Structure formats: structure tokens, C-alpha cells
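What follows is a single structure, written as C-alpha cells, with notes after it.
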Amino acid sequence: MTISVPATSANLGPGFDSLGLAVDLRNLVEFHPSKFFSVNIKGEGENNPKLKGNNLFVSIFNEHYNRLTKKRQSFKFTFYNQIPMSRGLGSSSAVIVSAISSAHEAAGIKVSKRRILNHALVYESHPDNITPAVMGGFNAATVEKGKVFSQKKHLPNYIKAVVVIPNKPISTSKARTLLPKSYSKENAVYNLSHTALSVAAFFNEDWEILKLASQDRFHQKARMKNLPELFSVQKTAYESGALMSTLSGSGSTFFSMVYDEDAVMIASKLSQKFPEFIVKILDFDNDGLIIEK
Ligand SMILES: Nc1ncnc2c1ncn2[C@@H]1O[C@H](COP(=O)(O)OP(=O)(O)OP(=O)(O)O)[C@@H](O)[C@H]1O
Ligand SMILES: N[C@@H](CCO)C(=O)O
């Protein structure tokens, strides 16, 4: 049994805690019952001893498996991780979604993607990463009475993501403390109207308006000041022809959307200018959570 979940880029500029999309970079887990519990990690996190003992996946898996079966059973888990941790690419959402889904599969209980999403909300209170992690594609989402309500748009393959991944991790909980406690009516209306325009642009596939629509006054500037090179990353991406360029989640990654034919040129300009950062061209992911038996 293998379960995989894609990386995600949340906020997309103005859509703080509400917009997100999935990219084709996956964490995959294989597991089976075993006499002894064991964790084997390949890829991201393989050299992090903390993940062998105190692993977010294992604690959420056990919580759900015990709830569903009322049994205790040891498992052997092997993780193949591609999503860098604490870089704004939804590593925690991928782990949460994967653990909940794996526990249901291990217990032999069928569950809808919508239910997994609602369970995931217990561990991540904002829906902008967990929704595309489960559903794939671009998603606008909100939470009402403990449930996620969302709408998905399939992303075409003639647009690509170019991500610039700095060598500095940023924890989401710390990055949230940098934000103002309140916003003026003017800035609230600014973000509201830009978010609305962004959603319409995604659904109408009007990519050219995203540069304007994706501007934000809620969170990017305050967070980017922590890593000022990100202002130059955004400038270079736009000068090279990116359609939009925004802080990914709470950072540190910078996400740009580009036309397929421009992707290599834009990525190589970014790599030349920021050799200390990792630059990747990624397809968008429209599948979200995948379970393979
Ligand atoms: N592969 C993994 N295995 C176990 N735990 C992980 C894994 N990836 C992430 N985590 C947990 O999630 C934490 C990172 O979550 P955080 O929300 O800070 O970053 P992120 O999800 O990558 O960023 P963002 O939410 O901005 O996209 C790690 O410190 C670790 O506890
Ligand atoms: N909307 C979240 C995404 C990161 O998990 C934030 O900006 O804090």
C-alpha cells in the first residue's frame, strides 16, 4: 500500500488562509503491519534524527488507527520525501493528510477525500494548504462550523511553477507572529478585491491579469523582511516574464507561475542570480491525495 500527497503553495498573494494550489512534488509512504514499529526515511528529513522518534505522521496515524480499530498494532513505515520542510511548500499538510488517509487504509475503512480534509483541519486550522493537498489543482476554501468548503479548478499543463527554495527554514507558527493584529478597512478591501479577481482569473484561465490580481497587503512584506533577498527574487521573476510571483505559504520559498515555453529561461535567470537557492520547474498537480494498493 502506498499513499502519496503533493506539495502545495498557499495564499497566492492576497488569498491569505484561503487560496492554494498543488505542485508535482510528492511525499510518499509505504507501510505494513510488523512485529516491531520502525521508521525509515529517504529524501527530505533522512538525516534528521528527531523524525525517527517524534514523528508528526506517526502520532496522527496512531491516533486515527486506535480510534478506528480500538486496537494497538505496530507498523513498519518507509517514507520517500520530496517536500522540503518548513519552506512554505505545505510539508506539514502533506504529512497530516497522508497520516489520516494511511490510518483509514490500514484499518480497512473507506473514507471520502472530503472527510479526510475535515479531519486534517483539526491539525491545521487554515484550509489553504490541506485543501489542494487532498484535492489537487487550484482551490479557494473557507471553514464554517469546523468543515472545509472549497471549489477546485484543474490547472492546464501549458503553465508551470518555478519555485525558488532558500536554504533557510521558516516555521509557519513563527511566521504568523510577524503579522499585524488588525488591518485597516482600506487594506482589507484591497486584499478582498484582489483575492476575488485572482479566483476569477484562475477559473477563466486569464493568466495575464494575475500579476495585478496577486498583489497583497496582508502578509508578504512583513514576512519577506526576514529574508530580504526575496524582494529581488520577485523582481527578477517579473522582469523575466513570470505571470505571478508570490511568497509560498509563510515562506521561505517563492512561487512563480509561468508559461511552459518561458519556464527554462526564467528558472535559469533565477538560478544564475541566486546560486545559493534551489530553483525547480514543476508541473501543477491535479490529483492531490493518491492511494495505490
Ligand atoms: N516529512 C515529514 N515527516 C515528519 N514531519 C514533518 C515532515 N514534513 C514536515 N513535518 C513537520 O511539519 C513541520 C513544518 O511545518 P510548517 O507548517 O512550519 O512548514 P510547512 O508546512 O513546510 O510550510 P507552509 O505551511 O508555510 O507551507 C516540521 O517541523 C515537522 O514537524
Ligand atoms: N495561510 C498560511 C499558510 C502557511 O501554512 C499562512 O500564511 O500562515
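Heads up, the Cβ atoms here are built off N, Cα and C, so glycines get one too.
Here is what TrEMBL records for this protein:
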BINDING   Pro84, Met85, Ser86, Arg87, Gly88, Leu89, Gly90, Ser91, Ser92, Ser93, Ala94  ATP binding site
DOMAIN    64-137  domain 'GHMP kinase N-terminal'
DOMAIN    201-275  domain 'GHMP kinase C-terminal'
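The 6 Å Cβ screen around ligand 1 retains Ser86, Gly88, Gly90, Ser92 from the binding-site residues Pro84, Ser86, Gly88, Gly90, Ser92, Ala94, ordered by sequence position. Taken residue by residue, the domain 'GHMP kinase N-terminal' (64-137) breaks down under DSSP into 39 helix, 7 strand, 28 coil. One residue stands out among the binding-site residues Pro84, Gly88, Gly90 for having the most other Cβ atoms within 10 Å of its Cβ: Gly90.
The Cβ of Ser92 (ATP binding site) has 21 other Cβ atoms within 10 Å, all protein chains considered. Looking just at the domain 'GHMP kinase C-terminal' (201-275), the mean pLDDT is 97. Ser86 (ATP binding site) counts 19 other C-beta atoms within 10 Å of its own C-beta, drawing on all protein chains shown. A sphere of 10 angstroms centred on the C-beta of Ala94 (ATP binding site) encloses 29 other C-beta atoms. Surrounding the centroid of the Cβ atoms of Pro84, Met85, Ser86, Arg87, Gly88, Leu89, Gly90, Ser91, Ser92, Ser93, Ala94, where the record places ATP, the chain contributes additional residues within 8 Å, namely Ala7, Ile83, Gly249.
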